[in-house]
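Structure first, then comments.
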Amino acid sequence: MHFPHKGLTIMLLLCVLMASIMTASAGNFLQDVDVTWGGPRAKILDGGRHLSLSLDKDSGSGFQSKQEFLFGRFDVQMKLVPGNSAGTVTTFYLSSQGGSHDEIDFEFLGNSSGDPYTLHTNVYSQGKGNREQQFHLWFDPTKGFHTYSIDWSPESIKFLVDNIPIRVFHNWENIGVSYPKSQPMRVYSSLWNADDWATRGGLVKTDWTQAPFTASYRNFNANGCVASSGSSSCGSKFSSTLQGGAQSGLDANSRNRLRWVQSKFMIYNYCTDHKRFPQGIPAECKRPRF
């Protein structure tokens with residue numbers, strides 16, 4: 001095959017390379033996930049374009065990605081349990097296995113009718129978490145689908161809602177802060193009963209007369225480096241492979257949006273909880289947030 005321009009040939013080769021490396025990117029639930037528990041309470045619909053999870057008094061439900069990843073961007077559109085969702089927790093997170101596991105969490109804590117959901121975020125590294133930040137959302141997450149994203153690179157972890165950053169956790173290993181960067185993780189989601197702690201510290205219990213509770217999903221997108229047999233499909237070239245994606249920092253507009261969310265909608269920040277850390281706040285809390 002003859003190409004009149006060398007540049008065009010290089011561009012086409014790069015496109016082929018990117019397509020082979022960034023696997024599992026065009027989401028279809030039938031192809032990309034396995035239902036792991038809950039049996040018929042988890043339903044893949046419309047040829048894999050939609051998925052629903054349900055919770056009743058007997059069980060919740062959940063799914064996980066077929067692939068493991070070491071870095072990438074992971075998106076899903078969700079519509080949360082409507083009405084009185086007190087006691088329920090809907091999750092979207094990354095996790096490895098074992099006692100010293102890594103984990104990056106979105107957890108949506110239900111509430112009584114008319115009260116807002118609490119969006120709970122956390123980062124675990126080598127089995128240690130205790131890095132919670134919580135938010136209220138600036139919209140009703142039960143009325144329509146909204147996009148929730150985890151953008152994980154060797155430099156930082158970004159949590160985004162409708163592509164607006166709400167939290168950035170930087171890699172501060174140079175000051176002794178553990179960071180998830182070596183354990184491959186799967187993508188998980190679940191809907192389960194946690195009325196011993198989820199709503200007002202467990203004071204408000206699940207109203208089972210409202211069951212089944214259902215959360216809906218669409219447009220799952222795992223744009224990451226697939227891990228297999230201890231290696232990553234991106235190899236050591238993560239930075240060049242994911243240019244403009246998880247590797248990139250925040251531009252000025254994104255930093256302004258992050259400040260807006262954290263000033264208006266953050267309701268808990270472990271970095272300011274001095275009673276919890278009487279010996280001093282964690283080291284990463286003393287570093288720039290943006």
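Just so you know, glycine gets a Cβ as well, placed from its N, Cα and C.
Caution: TrEMBL annotation is automatic and unverified by curators.
A quick note: this is a predicted structure, and the numbers were derived from the prediction, not measured.
Marked as signal peptide by TrEMBL: 1-26.
If you take every residue in the domain 'GH16' (23-217) and average the pLDDT, you get 94. According to TrEMBL, the feature domain 'GH16' maps to 23-217.
Residues annotated as active site, nucleophile in TrEMBL: Glu103. Packing around Glu103 (active site, nucleophile) is summarised by its Cβ count: 18 other Cβ atoms lie within 10 angstroms of its Cβ, all protein chains included.
A sphere of 10 angstroms centred on the C-beta of Glu107 (active site, proton donor) encloses 19 other C-beta atoms. Residues or ranges marked as active site, proton donor by TrEMBL: Glu107.
Residues or ranges marked as N-linked glycosylation site by TrEMBL: Asn111. The Cβ neighbour count for Asn111 (N-linked glycosylation site), using a 10 Å radius and every protein chain shown, is 20.
Comparing Glu103 (active site, nucleophile) with Asn111 (N-linked glycosylation site), their Cα atoms are 24 Å apart once rounded.
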